[in-house]
């Protein structure tokens, strides 16, 4: 992403690829900016660059200031203010270019940006032939002819090269290479365009407990993984969409938001980022936004006016799928700090096992199959559950529900979730409207879960009788909301796990949880 003719950058996350910030008319002020991956270059032609509460994470950031390459520095023609900068797993010490031969690609990119500075800034007032005439002589020389081979502390000045290079239009320079590589805010660019190589981020890798290293060193196991690489990449694409969507939704959640609007915003963003294409890619199941004592399977139907309140505990559970490979991931939101211990306990229980709090006994994690959110195996979260063994190559949704109530759920309230039974055969139907509705379900959802809002979106009307007929015939299974005792509060956290031949991969792991 190239930002041109700006004076400040606020609340922007540079996440996936390269970001170049250019200010032709004044200072650059970076405030509350998250820089995450690859190289970020900041250049101010007519002023200085200031950083305030900038978080740099994981990778190296190369910019230009005199003759040095720093993991944190700036391309500027003035001064630099590093006050308020936070470092995260970065060595902030300055390194000379010669000591970073492996970073030559980044250096070349920085140099190409430097060469483009020969062009007169379009936003600067005319100051004669030299647009840098307001700078001291040594700054002018370094601005126009700084090289990567100068030794730190050298006092030798380079002579000005009088020969003028042919000016290249700005749009023809290398800056155009970085356009549209940075996700927008709010997110609108499909993730497969952000990752042009077609390779998506790998989830968190964990070794199998109490296992030796034979899995990771076995050539047979590694070959099995190579054969499954396309499938792994498909589900990682779905996971990246989930991460980007939930990060944005977290930023806009606040008391007073209409639950219907929240779900529509989230689901429309999923459709855009995943490039929804029928059953090939899209939403895996309706967005669950169950409140307080409602533990799961609640989403607003059309016309619902429920509003999120400050004292609510909301479980936000949504899924994405690519080629039928489902990412099922959930988290809990509570604005009142009183509920934070409950949320923390549920989150830690999902990650590290059951802690000392009351778990809901008849809600389980579950295996996930292609186009099948519940594939038959369950993962009990209390002692005494089924003894079915997990196998290599399987996906599991590991979820933990913590409750302040009885810890036992029952079906209650108006139903909104439905799903066609996976193994249902041909069942004759008498109602023509039921046959028509079943054809719509087969075409758009197959065996993926859906809700009444989705049928409304497809233009279906007056379908409740036909839907009841399909449920009574055993073709479609209703999933009413699951509720604990009224007045209690339930929290949930969930991740999707892939049991690879060599290791476990937490597909949906992100920086948030």
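Cβ coordinates come from backbone N, Cα and C, glycine included.
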Original post:
Can you pick which of 304, 328, 484 TrEMBL lists for the same divalent metal cation 1 site as 317, 494?
Top reply: 328
Original post:
Per TrEMBL, which of 7-61, 62-116, 117-171 is region 'Disordered'?
Top reply: 117-171
Original post:
If you measure residue 297 (substrate binding site) to residue 328 (divalent metal cation 1 binding site) at Cα, how many Å is it?
Top reply: 13
Original post:
Including all protein chains shown, what's the count of other C-beta atoms within 10 A of the C-beta of residue 399 (divalent metal cation 2 binding site)?
Top reply: 25
Original post:
Which chain neighbours of the divalent metal cation 1 site, leaving out 317, 328, 494, have a Cβ atom within 8 Å of the mean position of the site's Cβ atoms?
Top reply: 288, 318, 319, 329, 330, 397, 399, 492, 495, 496
Original post:
Ranked by the number of other Cβ atoms within 10 Å of their own Cβ, which of the binding-site residues 317, 328, 494 ranks first?
Top reply: 328
